[in-house]
Amino acid sequence: MKKLITTLVLVVSAAVTYVQAESSNIATLRDNTALNEQKKTTAIPKVINSDIKQKRSYPMQPPIIPHTTRNYEVTLNSNKCMSCHSRQRTEESQAPMVSVTHYMDREGNFLAEISPRRYFCNQCHVNQFDTKPEVENTFVDMHTQTKQNAKAK
Ligand code: HEC
Ligand code: HEC
């Protein structure tokens with residue numbers, strides 16, 4: 001019986017410490033919202049569907065997708081993206097062809113079909129949401145940087 005009481009006391013005090021930690025300044029997923037309150041939810045941002053290409057921040061950047069991709073499946077049997085972006089389909093779809101790198105294996109050989117390394121498009125290409133960045137970003141691209149350096153001299 002004594003053992004049981006000691007265990008209970010320990011469990012309760014651990015729970016109290018946990019709740020105290022929750023209400024202090026430790027970053028939590030609930031953003032320090034009190035336990036008995038419902039956190040205000042933010043609206044889900046819209047996907048930008050302008051069909052306008054966005055600037056690439058550096059030459060090797062996978063371009064951002066300028067259209068919605070909802071329900072575009074990429075599975076073992078079909079690749080919706082390639083139904084517009086493959087070499088054979090671009091005339092009909094007027095979509096830009098996936099670049100030639102997408103038909104290369106890692107030894108640099110050209111393949112007839114999309115390389116398995118490039119099959120899962122969303123691994124690299126993403127939609128752009130109409131929203132502010134969550135985290136401040138001070139990225140400066142090389143072009144701007146070299147101009148700034150030249151001015152500083
Ligand atoms: C119905 C045809 C169609 C499908 C399906 C499609 N696209 Fe596109 N995509 C286009 C067209 C057309 C453009 C040219 C810009 C525009 O009109 O939106 C484009 C543009 C792009 C670009 C921009 C290229 C650049 O140079 O900036 C990327 C990246 C892209 N698509 C990726 C994808 C991915 C990934 C998928 C699958 C999830 C996909 N697309 C499915 C038609 C399609
Ligand atoms: C491993 C990353 C990766 C994957 C997977 C990938 N891409 Fe790309 N994609 C890139 C990069 C990087 C570029 C820009 C450099 C280049 O062309 O290789 C690019 C360029 C493109 C372009 C622009 C071509 C041009 O010449 O302007 C299109 C369109 C595109 N990808 C579509 C797709 C589609 C559709 C898929 C899926 C079938 C796909 N990509 C899979 C990384 C990827």
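Quick reminder: no glycine exception, Cβ is built from N, Cα and C everywhere.
Together with CYS81, CYS84, HIS85, TrEMBL lists one candidate of HIS67, HIS143 for binding heme c 1, that being HIS67. If you take the C-beta of HIS102 (heme c 2 binding site) and look for same-chain residues 6 or more apart in sequence within under 8 angstroms, you find ILE114, SER115, ARG118. Of CYS121, CYS124, HIS125, all annotated as binding-site residues, the residue with the shortest Cα distance to HIS67 (heme c 1 binding site) is HIS125.
It is CYS84, among the binding-site residues CYS84, CYS121, whose Cβ has the fewest other Cβ atoms within 10 Å in the structure shown. Listed in sequence order, the binding-site residues from CYS121, CYS124, HIS125 having a Cα within 10 Å of the Cα of CYS81 (heme c 1 binding site) are CYS121.
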